[in-house]
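These notes are about the structure you will find just below.
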Amino acid sequence: MSYTTQMDAARQGIITPEMEIVAAKESMDVEVLREHIAKGHAIIPCNKNHTSIDPSGIGSMLKTKINVNLGISRDCKDMDVEIEKVNNAVKMGAESIMDLSSYGDTRTFRKRLTKECPAIIGTVPIYDAVVYYHKALKDITAKEWLDIVRMHAEDGVDFMTIHCGINRAMYERFKNNKRLMNIVSRGGSIMFAWMAMTGEENPFYEHYDEVLDICREYDITMSLGDACRAGCLADATDVAQIGELVTLGELTQRAWDKDVQVMIEGPGHMPLNQIAANMEIQKTICKGAPFYVLGPLVTDIAPGYDHITAAIGGAIAATYGASFLCYVTPAEHLRLPNLDDVKEGIIASKIAAHAADIAKGIPGAMELDNKMACARKKLDWEETFKYSIDPEKARRYRAEAAPEKEDTCSMCGNFCAVKNMNRILDGEIVNIFDE
Ligand code: SF4
């Protein structure tokens, strides 16, 4: 049996070992999964050179997955510290790590990730090109941009964010339709500046077929970047965002024509009432390709709490069709996240993903919630901790205000509704004041 990508295999009717693993993780019939992959509605990002991967699937019919952004930077250049953050993120349940390294020997770090890390690994070649070539942005040639894509492919990266939707037509449209916040995507702003200074077409758009050939060779999933995602509520769902999405829809079909797996990146900042409609528009224009969202952040005024603004938006987005949530930490818009911020961001994203899985009826999604309800009814604190999304924090909070009576908590004491209902239904007397 020979195949190039998971999509190629699925279209030939071949069940790959990766499909078997993902189907088992999802408690799903592998033949059903294969059909979703053949249509492009589900993906298994899995580079042939990523030897340590434990594959996961992404698609709206599967459990919602989360991504954690990490990587070495000028302010945090110790590779071992960053690898420790990666390992913690994987232990906490992140299915994917995006290596956004922007300083020093990025290739060594990237290769270490694909050698040691079982999570899906994603990168943004545009960032790395700027570090790797170490020269003025305008002097990077079209060939050099593409060479970086091949280098990341050889290094075993499973998906790459490629900002190919911001072509020259979009460049002009963007300039003619003023925004409050301009472009806030790092990769998008770099490509916009490169086009402005060189007068050339976006090389990832102009040479898209070459990019696809690399992706097909290594089975890289294209993550079509959203250069024009809104950076504030006022810019959401505007001409630039939707215009770029239309281009991404066309590029999705061209990737599928070469059996290359695709997901689409999405907003951004967005008022809560626009999220469901945006998910529908993406599904229609990009023909059901999985949607990977950053946030959406539902208000602009909560720096320090953007893991919460993103979790609110992420839960709604995933309920209405997004399948992959990029975590946002409390440090968003303020500084590099530290270890605590990473943890807070992961927990918030996991809550959003889990809430959405329940809402969209993923089989078994509510199992732990039901177990938690039984533990609470029994006032069994050890079991409560066991089913908690963050057992350490739950245990610490209870210990910080120990109750007078062990079978309640300090919130209501003798007024404990759970205890009193258990007693009265068991035929016991309930005397709140003299107990
Ligand atoms: S004391 Fe109140 S908050 Fe605590 S377990 Fe009982 S009912 Fe729940």
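Think of each number as a place in line: the chain as shown, counted from 1.
Cβ coordinates are placed from backbone N, Cα and C, and glycine is handled just like the others.
In this view, TYR127 (substrate binding site) is surrounded by 20 other Cβ atoms within 10 Å of its Cβ, with every protein chain counted. Annotation comment: TrEMBL describes ASN69, MET98, TYR127, HIS163, SER185, ARG186, GLY187, ASP226, ALA227, CYS228, ARG229, GLU265, TYR292 as substrate binding site.
HIS333 (Zn(2+) binding site): 14 other CB atoms within 10 A of its CB, across all protein chains. As annotated by TrEMBL, Zn(2+) binding site applies to HIS269, HIS333.
Residues annotated as [4Fe-4S] cluster binding site in TrEMBL: CYS409, CYS412, CYS416. Long-range Cβ contacts of CYS409 ([4Fe-4S] cluster binding site) within its own chain (separation 6+, distance under 8 Å): ARG398, ALA401, PRO403, CYS416. DSSP assigns CYS409 ([4Fe-4S] cluster binding site) to coil in the three-state reduction, placing it in neither a helix nor a strand.
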With neighbours defined as other CB atoms within 10 A, the best-packed of the binding-site residues ASN69, SER185 is SER185
Go through ALA227, CYS412, CYS416, our binding-site residues, and report the one whose Cβ sees the most other Cβ atoms within 10 Å. ALA227
Under 6 Å from ligand 1 by Cβ, which binding-site residues from HIS269, TYR292, CYS409, CYS412? CYS409, CYS412
With H, G and I counted as helix, E and B as strand and the rest as coil, say where DSSP puts ALA227 (substrate binding site). coil
Just to confirm: which same-chain residues, 6+ apart in sequence, have a Cβ under 8 Å from the Cβ of HIS269 (Zn(2+) binding site)? ARG229, ALA230, GLY231, CYS232, LEU233, ASP235, ALA236, GLY295, PRO296, LEU297, ASP300
